[in-house]
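Per Swiss-Prot, the feature compositional bias 'Basic residues' maps to 43-56. Residues or ranges marked as compositional bias 'Polar residues' in Swiss-Prot: 57-70, 207-228. If you look up Swiss-Prot, you'll see 173-183 marked as compositional bias 'Acidic residues'. Per Swiss-Prot, the feature domain 'bHLH' maps to 67-119. Residues annotated as region 'Disordered' in Swiss-Prot: 30-76, 160-228.
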């Protein structure tokens, strides 16, 4: 206890010395380089600085909050504009009827939900019908293949018969053509023989004429001899 009192007294003495030193420094106009405890007046002058820093912090935070608020307002404005545009498009897509002149957002969304359910039900029915048609198409295709089996064999047989007949016909036509060619060649031979015969006949006739003329000449010469 006594020791604590001595420490307090010592601190009071140091404080008194510091105050005296500060007063002398102020009077003489120079500062002391001796480290000492801060004066009560200096301690009293620090809170205004803290207040100024708090003011700066508060002003900076207020500027930040103002910027954040303006950004939030801009985002909210864009969101509402986008929502309004979506609602206008929804009015065009959903059949509302002529009696609905004014629509609330809730009523429009309920009608959109009902319309979507109706479209989904129609899509399910269409899908089921499409599957039935595909099954029927596969069945008819198999049936057609089964029916085309015997017909295909008959068609192949008829094609083979037709090709055989056509080949026989072509052979007979070829034989007829050969016969015609031979007859044509024979007629050409007869013509040559006829022509040679006629030529020989002409030669015989000319020889007969020459003989007759010779006989006439000889008879004429005989007559002349008798006359002389």
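Placement of Cβ uses the backbone N, Cα and C atoms for every residue, glycine included.
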Checked against DSSP, the composition of the domain 'bHLH' (67-119) is 42 helix, 0 strand, 11 coil
For the domain 'bHLH' (67-119), what's the mean pLDDT in this predicted model? 83
